[in-house]
Amino acid sequence: MAETAQPNAELLEWPKKDKRRFLHAVYRVGDLDRTIKFYTEAFGMRLLRKRDVPEEKYANAFLGFGPEHSNFVVELTYNYGVTSYDIGTGFGHFAIATPDVYKLVEDIRAKGGNVTREPGPVKGGSSVIAFVKDPDGYTFELIQRASTPEPLCQVMLRVGDLERSIKFYEKALGMKVVKKVDRPEYKYTLLCLDMP
């Protein structure tokens with residue numbers, strides 16, 4: 001396994017020096033109130049705001065682990081009359097950092113959550129992770145981390161052309177590659193980018 005640009009303490013200092021950041025991710029859900037309930041009760045997010053726009057036939061809600069002016073949040077959109085969506089193959093998952101993955105999985109399971117990978121170390125590593133699905137089928141990775149400035153810490157996307165994608169994120173968004181892991185035995189390369 002080839003790895004480059006190992007993440008280090010410098011990554012936790014970037015938000016203090018650079019004011020650029022991701023604001024939110026928008027995605028559609030089939031039942032807004034059901035998803036809000038799951039995110040607040042199972043994940044511990046807070047409902048930051050909610051609005052209904054009947055003339056446009058949609059409603060949305062913003063949820064996160066802190067206020068929008070300082071934290072990454074999710075914007076859930078419900079389109080009237082649409083109860084489910086095809087998630088597709090490009091979206092991977094959101095990741096939530098927590099000091100105790102095992103406890104969070106117990107809490108999520110008690111709230112009716114769908115645990116798709118039990119807590120435990122990653123193959124060939126020591127990071128403790130688990131995977132769960134929300135009521136709409138979106139996947140969340142739970143990552144055990146002692147402390148993090150932002151619990152909603154990663155968004156995983158699958159791309160068809162890695163080099164082209166790197167160039168886009170570097171040039172268009174000013175992001176920087178902070179970690180690269182080649183796993184030919186599993187036929188993938190994992191690349192982590194962050195705002196410098």
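Cβ atoms are placed via backbone N, Cα and C, with glycine included.
Annotation source TrEMBL lists active site, proton donor/acceptor at Glu141. Taken from TrEMBL, the feature Zn(2+) binding site applies to Glu75, His93, Glu141. Per TrEMBL, domain 'VOC' is recorded for 21-145, 151-196.
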For the domain 'VOC' (151-196), residues assigned helix / strand / coil by DSSP: 15 helix, 21 strand, 10 coil
The residue listed as 'active site, proton donor/acceptor' CB neighbourhood, other CB atoms within 10 A: 19
Helix, strand and coil residues within the domain 'VOC' (21-145) as assigned by DSSP: 25 helix, 55 strand, 45 coil
